[in-house]
Structures are given as structure tokens and as C-alpha cells.
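A short write-up of the structure that comes next.
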């Protein structure tokens, strides 16, 4: 008898039930690993699978996490370039793709990443046909649409990280300006995750107090407090981080974990993810835009009907047109 057989006596004759909350992260770059670590630290899965085409880096990252498993509640961390390792995942997070370069807009990345998705998405579907598919790769709104088309999944099971991070940046900067914790500052960024995103100034509030009621010019030209600069800082934030450290990672990783938590814990929490938006607020094209929605264990279950001012609605339509201008040229 082996040491293991002498030590452990089996009670069950059949094989134990496998993972119930398996999460896969595709891509072990900076964003992928920040997402993986954030998911592990929040104890959101009982098994974590990592996939990448770069075998040495993949093996090294997996070993590094495994060596720290004593300090985590998730000890089963697996990795392989073969997608069979992802089988029966509850959530699959796709971070793989070409990295955004300094000064490069997210939309310029699109065709390079579409070609990568043509390999990734069918493999995910093959091994986890019932998963919730979460796209993080940029440009995330267009690639969420691409993932939906390539997967054949119903719309509620294909989401993106969207403007969840944009809104977090917005609330952080607002908090800095008001000397309050971001959780006390409420405001939404909708539309594209990127340059044409739309701040919903009419909904910005602290403790239910509308800031635009206190300052009717908030977010507009002629505002002596220049709140419009807050949104500019949100848009420029990623570019500034890339300029300073070469890439973004930690904030988007934490944002991804926040979305995964809403799914695996069935939080039914309001967040903002790209969803199919034709017919909403005057949007005419088949695009995915971030709007307030509800995430639970079935995916994106509900959408919140925002009350937008005419100018905000106009900006949202323009954001949709910006995405459609690129999306309609794609070869899927």
C-alpha cells in the first residue's frame, strides 16, 4: 500500500462530484493574471483554469499561483494550452488579445483581436457549452458582439467588462473632488468603454442628493467648477496608466472579479456591461453598449431603463454609431 492509501480511507465508492464554481481565464498577460489573482483573493471559485498559447509563461504563472495555494481557499489551479482544461467552467473570462499600445485607441485593436477570437470562442463553446462568457479584451464592446456571434450563445450569457471600470474611475475621481469614499459617490458611465463613453450627469448623486440640482451646469461648458474635466480624466485614465507603466492591469482585474462575483454569488447587483442595445434610447444598429443591468447566476438577467436627458441620449446614439462604423466592416 502507498502512503496515501495507508493515510486515507475512502467512504464513497463513486468518484466525488467535480467543481461547482469553476472559472477559466483565457490569456495570462497582465490583465489576465490580475483578473485571476483578484478572483482567487475574493474566493469566487473552487477551481481556476488558465489557458494561453505561450506555454512557458502559462506554466510559470500557474506554478507561481499554485505555490501560494496554502494562503488561498482555492487550491485547485490548473493550466494548459489545450482548451480541454477549461471543461465545465461556470464562467469563462477572455482577456487574450493584442495589447493596446501607447496612444492607440481601443478601436484600432479590433480586427487583430477578431482573428484571435475566431480560434478562442469555438474552443470555449466546445468544452463549456453552458458557461457565462465574459469578454475583457479590447475593444470590449465590439468583441462582446463578436463573441456572441461566434458562440451562438443567447445574449444573456455573453457579457463584457464594459464601462464597469469607467464608472469606478468616475466615482473615484468624484470622491477625490468631494473628499468622500467612492462608494458614497454614485454616477454611471454608459456607452462605449473608451473615447465615446457617456457620463450620465443627470444621475450623479451623493446620498440621494442630485449634484446637478445643486449645480445645474455640472458636466456642461461654462461650469465654474469644471466637472466636465472629471469625465476627461476617466477617458484619459487608461492612456495615462499605459504611458506610465506600459499597461493597465490591477483596476480592470478587480473590476472583472466584481462582475464574476455578481454571477457566481447570484448577487442580482446593478452594474454596467455591454448588452445588445438596438432599440434602446434611439440606438438603431446592432451594437453592444454598456448600460445599467443586473447580473446573476444566469448571466445578464435584466436591464435598468435609464432616464436620460436629450443631450445624454444623443451622446449615447453617437457612441453606438462610433462602434457600428468599425463593426460593420468586420469579417467574422
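Placed from the backbone N, Cα and C atoms, the Cβ positions cover glycine too.
As annotated by Swiss-Prot, NAD(+) binding site applies to 29-57, 99, 138, with the evidence given as similarity to another entry. Taken from Swiss-Prot, the feature substrate binding site covers 106, 138, 169, 248. Taken from Swiss-Prot, the feature active site, proton acceptor covers 193.
Taking the features listed in Swiss-Prot, we show where each one sits on the structure.
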| residue | record | contacts (Cβ under 8 Å, 6+ apart) |
| --- | --- | --- |
| 29 | NAD(+) binding site | 52, 95, 96, 99, 247 |
| 41 | NAD(+) binding site | 72, 257 |
| 45 | NAD(+) binding site | 19, 21, 22, 23, 39, 74, 90, 264 |
| 49 | NAD(+) binding site | 22, 23, 24, 25, 78, 79, 80, 85, 86, 89 |
| 53 | NAD(+) binding site | 81 |
| 57 | NAD(+) binding site | 28 |
| 169 | substrate binding site | 189, 233, 234, 237, 251 |
| 248 | substrate binding site | 30, 31, 238, 241, 242 |
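The two recorded residues, residue 37 (NAD(+) binding site) and residue 138 (substrate binding site), have Cα atoms 20 Å apart. Other Cβ atoms within 10 Å of the Cβ of residue 37 (NAD(+) binding site), summed over all protein chains shown, number 22. Classification of residue 49 (NAD(+) binding site) by DSSP places it within a strand.
The separation of residue 33 (NAD(+) binding site) from residue 193 (active site, proton acceptor), Cα to Cα, is 21 Å. Taking all protein chains in view, 20 other C-beta atoms sit within 10 angstroms of the C-beta of residue 33 (NAD(+) binding site).
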